[in-house]
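Engineer: Sharing the record's features from TrEMBL:
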DOMAIN    A:7-371  domain 'FAD dependent oxidoreductase'
DOMAIN    A:437-483  domain 'BFD-like [2Fe-2S]-binding'
COMPBIAS  A:537-546  compositional bias 'Basic and acidic residues'
REGION    A:537-582  region 'Disordered'
COMPBIAS  A:550-559  compositional bias 'Low complexity'
COMPBIAS  A:566-582  compositional bias 'Basic and acidic residues'
Amino acid sequence: MARDTEVLVLGGGSTGCGIARDLAMRGLEVTLVERGNLTEGTTGRMHGLLHSGGRYAVSDRASARECIEENRVLREIAGHCVEETGGLFVKRPEDSDDYFRKKLEGCRDCDIPARVLSGREAREVEPYLAKDVERAIEVPDGAVDPFRLCVANAVDAERHGARIETHAEVIDLLREGDDVYGVEVRHDSGPGKRTHRAPGTTEEITADYVVNATGAWAGQIGAMADLEIEVRPSKGVMTIMNVRQVDTVVNRCRPKGDADIVVPHETTAILGTTDEEVEDPDDYPEEQWEVDQMIDTLAELVPILEEARTIRSFWGVRPLYEPPGTGTQDPTDITRDFFLLDHDERDGVAGIASIVGGKFTTYRAMAEEIADHVCAELGVDARCRTADEALPGSENLADLENAMDDFGLRSPIARRSKQRLGSRSREVLETDEPNPVICACEGVTRAEMQDAIEQSGSDLNAVRIRTRASMGNCQGGFCTQEMAHELHPEYDEPTVRDALDELYQERWKGQRHALWGEQLSQAMLSYALHATTLNRDSDPAGRDGDLEYGAFDAGPDAGPDADADATDRTPLDRRADGGEDR
Amino acid sequence: MAIEDDVLVIGGGIAGATAALSAADEGADVRLVTHKESTLRNASGLIDVLGYLPSDDADGASEGPLVDPFAAIPDLPETHPYRTVGVEAVREALAFFDGIVGDAYLGAHTDDNALVPTHGGSIKPTARYPRSSAAGLASDRRDALLVGFETLPTFEGPLAAAHLEAAGVPFQARGVTLSFPGIVRDDAKVTRYAHLLDRDETVSTATGAETGAREALAAAVEAHLEGEKRVGFPAVLGDEGPDEVRAALEAHLGVDVFEVPMGPPSLPGLRLEDRLYAALETAGVEVRSGVPVVDYERDDGRIDRVVVDRNGAEIPHRADQYVLATGGLVGKGVESNRERVIEPIFDCHVPHATDRYDWFSEDAFGEHPFARFGVVPDGELRPRDGSGNAEFQNLRAAGAVLGGYDYAAEKSGAGVSIATGYVAGRHAAARATDARLATNDEVTPQ
C-alpha cells in the first residue's frame with residue numbers, strides 16, 4: 001500500500017526537527033507533526049546553555065566528549081544561533097578542592113580546553129562574581145538560542161522537501177497487528193499555517209516508518225499503541241533576569257545541586273535550575289520556593305542577583321529515561337544519555353522507534369544516529385550531511401559582516417536583527433517599505449515581523465519565538481498590540497483579536513513568577529495600558545449583547561435628538577449654532 | 001532653617017496637582033515637590049470617573065459600561081475611595097477640575113459617560129474628554145474615517161475601524177494607512193509628528209511640490225474621504241498648538257477632526273500635565289521637580305518635617321499639613337520586594353497577603369489584588385496604621401497611593417485622583433488655617 005510519506009516524525013522540538021532535517025537532506029520524504037508550536041515542549045524551556053561538556057567531565061565522560069564535539073559543530077553550522085560567551089566553573093571557599101581538581105582533570109581527559117583562573121582573574125572576567133570566589137576553571141561553554149536553532153532546522157528540512165505541521169496533535173497511533181503505519185492528527189485550524197478561528201480538521205498520515213521524538217511525552221504517544229515507554233519527566237525552573245549580570249556562563253564547581261548556573265542569554269541572564277520528577281509533563285506545580293532558591297543560592301556566586309529584577313520564570317520538563325530495572329531514585333542521578341528504543345526489537349511492534357533521554361547540545365548527533373537507524377530500516381544508503389552544511393542564517397556569516405550597514409536600521413537595532421537573522425538579514429530586511437521598530441526592548445522591526453508571520457500564520461507565539469518580540473523587559477506590555485497590528489490586513493479583525501489575547505495571556509503566565517519590585521510595577525503598567533487605555537478587559541467586541549450607544553454622551557452639541565440629525569451636521573453648523581467651539 | 005509652608009504636597013501627578021490647587025484655593029500657602037516624571041505621559045488624557053463596577057458574582061464579569069458613574073458610586077464597596085469621600089465630593093471635585101482646565105475638556109454638560117474610541121479599536125467609558133477627542137465619540141452616529149500612518153505601528157486605522165464595527169458602534173468606520181508627509185525616519189517619535197504640525201514645517205509631497213505640513217497632511221487624507229463627516233487620527237496633532245492644527249485640518253477637509261488617545265508617550269496626557277502646572281503657577285504654588293523625599297521626622301503623632309534631596313543636599317521642609325500623592329505601583333508610591341508591599345516614604349501600612357503568589361490572578365485580566373495595593377485611609381483620607389488609627393495626624397493621601405480600588409478595571413483612575421486630591425487639599429488647608437488662627441490667638445493677647 002502506498003504511504004503518504006516515507007518517514008513520519010512526531011514532535012517539533014530540537015530532536016524531531018533535527019531528525020527531519022537530517023532525513024530530508026538524505027533525500028527521504030519526511031513529514032513532521034507537532035501538537036503546539038515548534039519548541040513548545042522542552043526545547044523552548046531550557047536555559048540556553050551550549051555545553052562545553054565541562055558539566056559532565058567528572059560524572060559522565062562519554063557525554064562530556066560528545067558535548068565538546070557537538071559544541072564545535074554547532075559553532076560552525078549554526079553560528080547565528082550561538083554566542084561564544086565562554087564559561088567558568090567557580091569554586092567558593094566551602095566547595096571541595098578535590099572536586100575542583102577532578103573537574104579539571106576530567107576536562108583535560110575529554111579534550112575540553114580548560115584553564116585555571118585565580119579568584120582575582122575570574123573577577124576580571126566577571127566583575128560581579130562574589131569576592132570570596134577562590135578559583136575558577138575557564139571552559140568553552142556558550143549561549144545558544146534554542147528557538148532560532150530549532151526553527152532553522154525545520155526551515156531547512158522544508159527546503160529539502162519536508163512537510164512540517166505545527167498545531168497538529170497526534171490523537172492516535174495507527175497500528176495493525178504488530179505494525180505501526182502512521183498516526184491520526186487533529187489540526188487546530190486545518191493543515192498548513194495556523195490561522196485563528198479557522199475550523200479544525202483531522203487527518204490520517206500513513207508512513208513507512210514512524211519516529212517518536214516527543215521526549216517527555218513519549219510515554220503518552222507509546223500508550224496509544226500499547227507500547228510502554230518508561231520516560232521519567234523531571235521538571236526544572238529557570239528564572240530570567242532583566243539584564244545580563246554576567247557575560248560568561250557561570251557554573252558552580254560542585255558535584256551536583258540545584259541553582260548552580262547563570263547563562264547570559266540575548267539581553268537577559270537565565271538562572272537555573274532544579275531537578276524534580278513529575279507525574280504528568282503537562283501538569284505539575286510551579287512553585288515560589290523554586291524561584292526563591294534560584295535567586296538566593298545563585299546570589300552566593302553573583303551577589304547582585306539578590307536585589308536584581310527578574311522578568312519571568314519558566315519550567316521545562318526533561319525527557320529522562322532509564323532502562324527498566326535500573327531503579328535510580330534521585331532524578332539528578334539518571335543518565336543524560338539518550339536511548340533509541342527500537343520497538344520491533346523491544347516489543348515486537350514494527351515500523352516505529354522512540355527516542356528518549358538526551359540533551360539539547362547533542363541534538364544533532366542524536367538525530368544522526370536515529371536517521372542512520374531509519375535508513376537501515378528502510379534500506380536506504382545515504383550519508384549524513386548535517387555536520388557539514390550550515391543552517392539557514394549561518395551560511396555566509398563572513399559576507400554578512402561586510403554588508404550590514406545598509407538596511408536603514410540604526411544600531412543597535414541593526415546589530416540585534418543581524419544576530420537573529422544571520423545570513424538571511426539581506427533577504428528579510430531589504431525593503432522599500434517603511435520599517436519601523438515594533439518591539440523596542442528586543443529591537444524587532446516590521447520586516448522581521450512580516451518574515452516571521454509569513455512562516456507561522458496568525459500565531460503570534462510562533463512569531464515571538466522567531467523574533468524575540470515581546471520577550472524583553474516589558475514582557476509585551478508595550479508591543480503586543482503593535483505585534484497584532486502587523487497581522488492585519490492579511491488576517492481579519494477577529495483573528496487578530498484572538499491572536500493578541502493568546503500572546504498576551506502567554507506572556508502573563510511566566511511573569512507571575514516575577515511579580516515583586518520593578519517587575520510588579522511593570523506588570524501594573526501593562527495592566528493599566530491594556531485595561532485602562534485600551535479597555536481590552538471589557539471590550540464590547542468580545543462580549544455578548546448589544547451595547548446601547550444612544551444612552552451615552554454624544555457630545556455637548558448633540559442635543560436630545562442627536563440620533564436624528566447627527567448625520568447631517570457639519571462642523572460649520574456646529575460652530576454657528578453652538579458658538580462655544582472656538 | 002527649614003522651608004516652611006502651610007501645606008506640602010508630595011507628588012506631581014493629577015492627584016498631587018489637584019490637592020495643591022485645592023489647598024491653595026482655600027488660601028493656604030502650598031508647596032509641591034515631585035521626584036519622578038509624572039505618570040501622565042503614560043495616561044490617555046481622558047478623565048475617567050467610573051466605567052465599570054467590580055463584579056460581585058463568581059464569573060468575574062464586571063458590570064458596565066455604566067451610563068451614569070455618579071449613580072453607581074453608592075454600589076461600590078465601602079472601602080472604595082469614592083465611598084470615603086462621598087458622591088457630592090466627587091461632583092464638587094470634578095467641577096473644580098472643570099474650572100482648572102476650562103474649555104480644553106468637555107463632558108461637564110451631562111452626568112453620562114461618553115464612549116471614546118481606543119487606539120486598539122475598542123471603546124471606553126469616560127466622564128471628561130479633551131476637546132481634541134470630542135468629535136470621535138462612539139455615540140455620535142456620523143460615519144468616520146480613521147487615518148493611520150505607515151511609520152506609527154501603535155495605530156492601525158483599518159484594523160481599528162473593523163474592531164469598532166465588531167464592537168457594534170452606530171456608524172460606519174473605515175480606515176486607511178498613509179505615509180505622514182515630512183516624516184523621513186521610520187522611528188520618529190510622536191513629538192516629531194506633533195512639532196511638524198505645530199510649526200507647519202515645509203515638507204515635500206508625493207508629487208515633489210513643497211507645502212506646509214498641515215496642508216500636505218490634509219491633502220493626503222482628502223483623497224481618501226468618501227463622504228465621512230469626521231476623520232480620526234492617532235493623537236499626534238500638535239503638542240503646543242493642537243487647536244490650531246485641528247482647525248487647519250478641519251478647514252481644509254470640511255469635516256470634523258478628532259484624535260484617538262494613545263499609549264505612552266501620550267500627548268494628551270502631557271498636554272493635561274502642562275495645563276495643571278500652568279494652573280499651579282497661577283495659583284502661586286511653589287513647585288520643585290526632581291527632588292525625592294528621603295526622610296522625615298516625627299513629633300508626637302505628627303510629621304514635623306520631611307527631608308528632600310536636592311542634588312545631594314538634604315533640605316528640610318516643614319509644613320503644618322502634608323499630602324502624600326506619590327502614585328501607586330507605577331508611580332512608585334507603592335513598592336514591593338519578595339516579602340512585603342510598602343509605602344516607601346513614611347512606611348504607612350499597606351495591607352497585602354503574606355504569600356506573594358496571592359498578589360495576582362492567574363488570568364491576565366483577572367481580579368488582581370496587586371491592582372488594589374495602597375494605603376488605607378480614614379474618613380479624612382489619613383492613612384491608617386495596622387490597628388486602624390491615623391499614622392500621622394497631619395498626613396493625608398490622594399490618588400493611586402490609596403488602596404482599595406482597581407482603576408484599570410473600573411476605569412476610575414483620574415476620577416479618584418481628582419476627588420481624593422480635592423478633598424485632601426481642602427482638609428489640609430482647613431487644618432492649616434485652624435493652626436494659624438490658634439497660633440495667632442496665642443500671640444495676639446500680649
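Every residue, even glycine, has its Cβ placed from backbone N, Cα and C.
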Engineer: Using Cβ atoms and a strict cutoff of less than 8 Å, what residues sit near the compositional bias 'Basic and acidic residues' (A:537-546) while being 6 or more residues removed from its termini?
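Structural biologist: Cβ under 8 Å, 6 or more out: 497, 530-531.
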Engineer: Mean pLDDT, the domain 'FAD dependent oxidoreductase' (A:7-371)?
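Structural biologist: The average pLDDT of the model in the domain 'FAD dependent oxidoreductase' (A:7-371) works out to 94.
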Engineer: Using DSSP, break the domain 'BFD-like [2Fe-2S]-binding' (A:437-483) down into helix, strand and coil residues and give each count.
Structural biologist: 23 helix, 5 strand, 19 coil
Engineer: When secondary structure is assigned with DSSP, how many helix, strand and coil residues does the compositional bias 'Low complexity' (A:550-559) contain?
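Structural biologist: Residue counts in helix, strand and coil order: 2 helix, 1 strand, 7 coil.
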